[in-house]
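Data first, discussion second: the structure below is written as structure tokens.
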Amino acid sequence: MKNYLKHDEWCIIEEGFHREYNEITESVCSLGNGRMGQRGNFEETFTGKTLQGNYVAGVYYPDKTRVGWWKNGYPEYFAKVLNAANWIGIKVEIEDEILDLNTCEVNDFTRVLNMKDGYLERSFTATLKSGKQVRVNSKRINSIVDDESGVIRYSITPINFDGKIVLTPFIDGDIKNKDANYDEKFWEEIQKETAFAEGYIELKTKKTGFHVLTGQRFEIFQNGKSVDFQGFPIKAEKFVASQVTLNVTANEETVLVKYACNLSSENHHVDDLLLKSKAYLKRIAAKGFDKMVAEQAEKWASKWEMNDIMIEGDVAAQQGIRFNIFQMNQTYTGEDARLNIGPKGFTGEKYGGSTYWDTEAYCIPFYLATADQQVSRNLLVYRWKQLGKAIENAQKLGFKDGAALYPMVTMNGEECHNEWEITFEEIHRNGAIAYAIYDYVNYTGDKKYLAEYGFEVLLGIARFWAQRVNWSEAKKQYVMLGVTGPNEYENNVNNNFYTNYFAVWCLKYVIEATEYIKSTDEARFNELATITNFDETNEFGKFQHIIENMYFPASEELGVYLQQDGFLDKELIQVKDLPAAERPINQKWSWDRILRSCFIKQADVLQGMYFFEDDFDLATIKRNYDFYEPMTVHESSLSPCVHSILAAKLGDKARSYEFYNRAARLDLDDYNNDTEDGCHITSMAGTWMSLVKGFGGMRVRDEKAYFSPFVPENWASFSFKVRFGGNLLNIKTTSDEVIIENLAGGDTSIFLYGEEQVLAEKSTLTVEQKDAVAV
Ligand code: BGC
């Protein structure tokens, strides 16, 4: 755990240059707008530890699979969102010496990510080897208003000399992914153009053929006045620049304003990219830096208005939750139904920017409560569109008759993860995808979704489960063999409780959804039955038999469900007894040792109890929690939030808070020693869940919202906003009272501590705080 970023309610602040942590700070200071994003890299040359990262949403490459021993059924490729042209670059030369914070003395350094207004700012004084000193300030945004662009204001002031500086704003398209399987470059150059103060480069991805045109246009000011300069255009392979030599005087500021855009063939016709880029840059340059920054702040203000969470009395926690909300909003806006949410968003390359079960299990609840209903709907429809590929994927593994296995990792519906224990066995993802449909319908009341899109997905998934289980003569029950549960520290296990439970739930839910569709829209049901070749009597007959006869491993003696068959044969030791030097075990232990140990990477049985809490009594949840949590190492970022919610439900406020904090500050404090790979974007939605579902006790049942909030000990109060049933509610909890405001959307009613309360529009209800647990 690191503690070098300053605590502040709205900003992430690095004071003093922490060279050794630079890649972590770059991840944390990433900017994004749903269409493009980049890490908090420096504009000028930096030869130290860095991962230069620029990403354009939807632009990926199917990197050929790398495995030691090929197995039938392996996906041919591992898709990755490509590290794209670097548009922020500005080379700075001071009398022939390159400004590089790795080689000069750096003083008064600050790097600040301002989450309120959505910009990144950096200031420092550099003393070069020659003894020349300059003061630099750079500020940039990745515009959420003009979402294919960014703008930088780069200011440089000589402190102790008069002389010449050379500024070379550039676009470098000769970029490689750090995680390329064969060290290959994925971009080809199509065209480039330079002018005095402009430059354009069009690149195309190999194989997938996406075109991205990155353009720059810049202006220079000295002492506040525009400078009439002659830029010297430079072209090299996949590289364009314009070099400007300027006379500078001590203590006089030179400012370069660089506008840049990334236009992709996903959004524009290929033939138009160059012309459109020119027009785009002309338009934003006419707007100007100040206006773009002001518009950015305004748009962020409207976002915060809808989904800010305020915590009084704990600055670190306040910063943590805002950081999570900020990054979620930077990653996915829901405006483009073709896009999804990579576990690292635009902050790094790990996980290839692909779609995981994280979207359904963690992100959908966040967007359901904080964004327009359409956003979650788009995420669901994304999977519906990929149903054909999920059916093909299942066929490749030998399933038939419309059984669908959604991929664990995907860009376009095809599976592209290449570890067998994940691709073939971590099939629980199918459950989360079905559950998200339930979650959406339950939260929004949009039951029509079931007939429109939901049914086909649910049926495909249910068919898969029905074929994936088999009848065990020995047990006289159905079993499911050879799976990997959410706990990836175990592979190829039999009867993973979580997976078995989810399978049965899916079978029940498709039956329930079908009944609803039949009773409300028979014509559509008949249509769907034809499309899916559905034989209700036989198929549901089989589903029902499985529902009634599924095997769930359990220990009667301990009163717990077993994570899988044979779990109790393990040596059951606790995480607290592991020497600190041996953690995280995924970095310190051999894989063999991990697999044989009892240590759990992330919630598994408990993940099931989180999803289906109403199926279990509190005592059962507690026994399972007390049994499994001590063996859980939480080495997946997706783990602490689920435990936080369960601990809250069990009334263990201190633990709930501890898990929450770990989730909320996971990247800011680099808990898992891996933030340099990128931030844990999808787990940030989990942080939000632990606050809203954990401390706020929010649940939705039968189209009603329930709240049972308590305040963690260290906080004076907290408040969160949720959209529910067309209303916008603000729920503030102090140690004495709960104040609920119905901000918009008409009169409504909610349940608070189990009692129904009517809330007229624009009214406020104040009730005594009861320190209760979620009901
Ligand atoms: C977790 C998976 C998760 C993936 C991406 C892995 O470490 O075990 O559950 O889907 O990260 O976040």
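We number each residue from 1, going along the chain as drawn.
Glycine too: its Cβ is placed from the backbone N, Cα and C atoms.
TrEMBL lists 13-265 with the feature domain 'Glycoside hydrolase family 65 N-terminal'.
Summarising the annotation, TrEMBL assigns domain 'Glycoside hydrolase family 65 central catalytic' to 322-689.
Of all the Cβ atoms in the protein chains shown, 23 others lie within 10 Å of the Cβ of Trp357 (substrate binding site). Trp357 (substrate binding site) falls outside any helix or strand according to DSSP and counts as coil. The substrate binding site feature in TrEMBL is assigned to Trp357, Asp358, Lys601, Gln602.
Under a cutoff of 8 A between CB atoms, and with a sequence separation of 6+ in the same chain, the neighbours of Glu488 (active site, proton donor) are Glu421, Ile422, Glu426, Lys601, Gln602, Ser636. According to DSSP, Glu488 (active site, proton donor) is assigned to coil rather than to any helix or strand. Among the features that TrEMBL reports, active site, proton donor is placed at Glu488.
Across the domain 'Glycoside hydrolase family 65 C-terminal' (698-759), mean pLDDT in this model comes to 96. Annotated domain 'Glycoside hydrolase family 65 C-terminal' per TrEMBL: 698-759, in sequence order.
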Long-range Cβ environment of Asp358 (substrate binding site), under 8 Å and at least 6 residues apart: Ile341, Pro343, Leu638, Thr682, Ser683, Ala685
Gln602 (substrate binding site), number of other Cβ atoms within 10 Å: 23
Neighbours of Trp357, Asp358, Lys601, Gln602 excl. site residues, C-beta within 8 Å of centre, substrate: Tyr356, Ala361, Pro486, Glu488, Ser636, Leu638, Ser639
